[in-house]
Structure formats: structure tokens, C-alpha cells
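Undergrad: Structure incoming, see below.
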Amino acid sequence: DVLPDSIDWREKGAVVPVKNQGGCGSCWAFDAIAAVEGINQIVTGDLISLSEQQLVDCSTRNHGCEGGWPYRAFQYIINNGGINSEEHYPYTGTNGTCDTKENAHVVSIDSYRNVPSNDEKSLQKAVANQPVSVTMDAAGRDFQLYRNGIFTGSCNISANHYRTVGGRETENDKDYWTVKNSWGKNWGESGYIRVERNIAESSGKCGIAISPSYPIKEXXX
């Protein structure tokens with residue numbers, strides 16, 4: 001397969017502005033929602049900010065502010081028939097009761113797929129088509145204090161933070177992933193981090209290639 005030399009889904013209008021999860025451990029919801037916002041824009045042309053809070057409150061196979069998994073968020077959206085907009089089910093940053101009155105199916109997806117583990121080439125193929133959910137180790141000081149540039153600092157390969165890969169490019173012969181975080185716009189490069197790509201470890205930098213997944217949305221005939 002011929003892959004584009006670089007891709008940045010922000011430039012293609014498939015990424016809403018960076019959000020902030022606050023003190024709630026809901027990165028899994030922000031990660032899943034960013035991927036759904038992306039594929040919805042790619043398929044329909046509409047960029048709609050969707051509700052992380054609905055996932056926190058209603059995705060019972062996840063644990064709200066105590067953590068969760070993007071693939072289970074995708075399962076919830078599929079089983080629920082869709083997800084509401086952020087406007088109508090806004091983020092509070094706390095565990096709430098599922099508000100069934102605010103269950104408008106603003107955006108739906110058809111299924112989801114896991115990218116083969118520990119294979120940056122497969123992740124590259126997936127990101128060529130849409131933003132992809134990944135897990136990374138964000139517990140380290142280097143990561144938390146990241147300001148700018150291509151991140152080459154120390155980190156483990158444990159899965160403790162989810163975020164969304166929105167592109168891949170090369171600068172001065174260094175390959176990197178463009179990763180959207182959910183710690184607000186003041187962190188990193190306006191809320192993003194560039195992470196070195198094609199490294200020796202198959203798990204990728206900070207474990208980025210361990211368990212990527214993405215939602216699937218068919219174009220309505």
C-alpha cells in the first residue's frame with residue numbers, strides 16, 4: 001500500500017479544538033470521542049463536538065472518572081445507537097447519573113477495529129485513513145512537563161493514559177506522530193505532543209503501538 005508521506009487531520013478539518021478532562025480520569029472518553037468526531041467529519045463533512053460526559057455517565061462497562069477503555073466507549077456508542085453533542089450533554093468532570101433525556105443520537109458509528117498490536121506500520125496505515133485512539137505512558141515527569149518539539153524523553157510502555165493520534169510527519173529526517181491530548185491548550189504544543197515514530201521498540205514510543213483502535217462509520221448510501 002502506498003501511504004502518504006505525511007498526514008495531519010487538523011488541516012483537513014477533522015479535529016475539534018483541544019479539550020480539558022480536568023481532575024477526572026476520563027482520558028479514555030476524550031480519546032474515543034476525538035476518534036468518533038474525526039471519522040464522522042471524514043464521512044459526513046460535519047465537524048461536531050461530541051459528549052465525553054455521556055460516556056462518563058452512561059458507559060457502564062467503563063468506570064467514569066476512575067478510568068476506562070476507548071473500545072468499550074465505541075461499544076457503548078454502537079449499542080446506544082449514537083452519542084449526543086457536547087452542547088446538549090456538557091462536560092462536568094465528575095461521575096454523574098446517566099441523563100437518559102439527553103440521549104439524542106447526534107452521531108453514530110457502525111463498528112470499531114483494533115489495530116494489530118506492536119506494529120507501527122499498521123498504525124501508520126490506520127492513521128492515513130482517520131484519527132486513531134492509542135494508549136501511552138503519561139505518568140513520567142518528562143511527558144507531563146513536555147513543552148514543544150519532538151518528544152524523545154523517557155517513558156515506560158505501561159498503558160495509563162489514552163489520547164488520539166491525529167497525524168504523522170517528518171521533520172529534519174525525524175519521523176513523528178502528532179498526538180492530541182486532553183489536558184487543555186496550555187499543555188505542550190497548544191494541547192498536542194509530537195512523539196518520535198519508527199523507533200526500535202515494537203511497542204513504539206511510550207507504548208503508542210500497544211493497543212490502538214478506531215471507530216468505523218459507513219458512508220450512508
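Using N, Cα and C of the backbone, Cβ positions are placed for all residues, glycine too.
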Undergrad: For the disulfide involving Cys65, grab the partner from Cys24, Cys27, Cys98 as Swiss-Prot records it.
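TA: Between Cys65 and one of Cys24, Cys27, Cys98, Swiss-Prot records a disulfide, namely with Cys24.
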Undergrad: Between Cys27, Cys98, work out which one Swiss-Prot annotates as bonded to Cys58 by a disulfide.
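TA: Among Cys27, Cys98, the cysteine that Swiss-Prot links to Cys58 by a disulfide bond is Cys98.
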Undergrad: Return the member of Cys27, Cys155, Asn156, His161 nearest to Asn95 (N-linked glycosylation site) in space, with distance defined Cα to Cα and candidates limited to these recorded positions.
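TA: Of the recorded positions Cys27, Cys155, Asn156, His161, Cys27 has its Cα closest to that of Asn95 (N-linked glycosylation site).
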Undergrad: Sort His161 (active site) into helix, strand or coil using the DSSP assignment.
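TA: The three-state answer is strand.
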Undergrad: With every protein chain in view, what's the tally of Cβ atoms within 10 Å of the Cβ of Cys65 (disulfide bond), excluding that atom itself?
TA: 18
Undergrad: Round to the nearest Å and give the CA-to-CA distance linking Cys58 (disulfide bond) with Cys65 (disulfide bond).
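TA: Here the two Cα atoms are 12 Å apart.
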Undergrad: Using a 10 Å cut-off between Cα atoms, which of these active-site residues sit near Cys65 (disulfide bond): Cys27, His161, Asn181?
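TA: Hits: Cys27.
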Undergrad: Here are the disulfide-bonded residues: Cys24, Cys98, Cys155, Cys206. Which has the lowest count of other Cβ atoms within 10 Å?
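TA: Minimum Cβ neighbour count within 10 Å, taken over the disulfide-bonded residues Cys24, Cys98, Cys155, Cys206, occurs at Cys98.
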